[in-house]
2 protein chains.
Amino acid sequence: MSGLWYTEKQTDHFGITMKIKRTLHTEQTDFQYLEMAETEEWGNMLFLDGMVMTSQKDEFVYHEMVAHVPLFTHPNPENILVVGGGDGGVIREVLKHPKVKKATLVDIDGKVIEYSKKFLPEIAGELDNERVDVRVDDGFMHIAKSENEYDVIMVDSTEPVGPAANLFTKGFYAGISKALKEDGIFVAQTDNPWFKADLIREVQRDVKEIFPITRLYTANIPTYPSGMWTFTIGSKKYDPLEVSDEQFHEIETKYYTKELHKAAFVLPKFVKDLTE
Amino acid sequence: MSGLWYTEKQTDHFGITMKIKRTLHTEQTDFQYLEMAETEEWGNMLFLDGMVMTSQKDEFVYHEMVAHVPLFTHPNPENILVVGGGDGGVIREVLKHPKVKKATLVDIDGKVIEYSKKFLPEIAGELDNERVDVRVDDGFMHIAKSENEYDVIMVDSTEPVGPAANLFTKGFYAGISKALKEDGIFVAQTDNPWFKADLIREVQRDVKEIFPITRLYTANIPTYPSGMWTFTIGSKKYDPLEVSDEQFHEIETKYYTKELHKAAFVLPKFVKDLTE
């Protein structure tokens, strides 16, 4: 048995460590250091620049919670944009909504898409669906060129360092607002409240200046720093807390439920304080 | 700077690792291997048998969520028993409730109490409060000898191996029922749903056979396995989901809120499935 362990330092002084069966692929792409490995605990995993992006065992949490919260909030989500998300997990969840006519994925790094299809097939498997348009392109520029086009935009980015740095700026949120229709919604992953409180506070402040409805919700992702992940919603018209029971329909999930849709917005006090 | 790191293997193939400033105390007690260390990320930490028990930075989550959920559910919690919990954190939270007249702490290992007072003073600081009766004794035996005595019993144990093994048995829950008054409530920490699903399912089944109201709730504890911790409540009369707004009073917390009191019981689907 291999003695190989993969350690992600989530802060300078804290990390997680995972037993590796074997490395599947390693490559410096044009944008980031990409690693795929088979782990004992979490199945196959994708790492970018030394950080866990997704694992076969816990990927459902992130992907369900990014997709279903805004999609059940919007009464008629037909045209969807996913920025980042080259592993395809968010797209897979988006397609569970029959109202969705078209989902565009824009990831800057084609290698993420390529190797996710190869080593994470149950995550990336819907990227070839006929309702999906996959583009290898700069999400920031794609947003800047779009106007009054999307019902829902989902920002499934890496951390605010490296290729995703400009996806955490006020200019980007303003671009998202312009790219959305007049009743559009966006959601972005916004890291964790234990180590990145300042980031969450800043994003909340920026999004509030542009969107009349700004909300923060959380989910438990064991392979992400602190196990508690946050998502920020900016919405022009529909409030995720005011979804009526009739708006929900049955979908197959392992984490999301219609009850959790609302409970996920009920924040621990120290997290709630970041939104005020 | 020290190159010392402390690694807890939370499963055979996954763990967390923490930069250590210095080791404060190490001792094989009569019951377990006790370590206190000063960490860079989490402040001072207590480890028992190589597992994180508590840290200065995130202890508030566990201690608030063990104490306040049952104490706000019971309309008149006067006589409280804490089994385990020698670090004193649960006691500190219990004393925030003015209705509590007496809180008895029974921990089998006096060394945990001694070194928590020394190195975790803001956690253990209320153990000398006049409303508190600290006993170094076997919690299982204390429960077995008690009858119709307590309003609320809180089981703040280590994992179901070593000295706490018999605190996860149906016989123990039957003893708790006997030790409680006719409208009593108990809560126990019951590990995490990612790596210990079978344990949670078993505890739910056992507690349901004894208590008419059985509930599971969760909290995010970043230094515990998976970051999502569960707590099982068994109650003879009062339902934690039916607490009226008037029953809450203001207390100082960093995690618990009256809104979270109910939201914490709304479970992700794969966790909810363990309770059915």
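Using N, Cα and C of the backbone, Cβ positions are placed for all residues, glycine too.
Here the structure is a predicted model, which means the values were calculated and not measured.
Under the heading domain 'PABS', TrEMBL lists A:3-236. Per-residue pLDDT, averaged along the domain 'PABS' (A:3-236), amounts to 96 for this model.
For A:Gln32 (S-methyl-5'-thioadenosine binding site), applying a Cβ distance below 8 Å and a minimum sequence separation of six or more within one chain yields A:Leu48, A:Asp49, A:Asp109, A:Thr158, A:Gly162, A:Pro163. Following the DSSP three-state reduction, the secondary structure of A:Gln32 (S-methyl-5'-thioadenosine binding site) is coil. Annotation comment: TrEMBL describes A:Gln32, A:Asp107, A:Asp138, A:Gly139, A:Pro163 as S-methyl-5'-thioadenosine binding site.
For A:His63, A:Asp87, A:Asp156, A:Ser157, A:Thr158, A:Glu159, the entry in TrEMBL reads spermidine binding site. Take the CB of A:Ser157 (spermidine binding site) and look out to 10 A: across all protein chains shown you find 23 other CB atoms.
The feature active site, proton acceptor is assigned by TrEMBL to A:Asp156. Secondary structure from DSSP puts A:Asp156 (spermidine binding site) in a beta strand.
Annotation for the binding-site residues A:Asp87, A:Asp107, A:Asp138, A:Asp156, A:Glu159: lowest Cβ count within 10 Å of the residue's own Cβ, A:Asp138. Other Cβ atoms within 10 Å of the Cβ of A:His63 (spermidine binding site), summed over all protein chains shown, number 25. Around the Cβ of A:Thr158 (spermidine binding site), the number of neighbouring Cβ atoms within 10 Å comes to 21. Summarising the environment of A:Gly139 (S-methyl-5'-thioadenosine binding site), the number of other Cβ atoms within 10 Å of its Cβ, over all protein chains shown, is 27. The two recorded residues A:Asp138 (S-methyl-5'-thioadenosine binding site) and A:Ser157 (spermidine binding site) have their Cα atoms spaced 12 Å from each other. When the Cα atoms are compared, A:Glu159 (spermidine binding site) and A:Asp107 (S-methyl-5'-thioadenosine binding site) turn out to be 14 Å apart.
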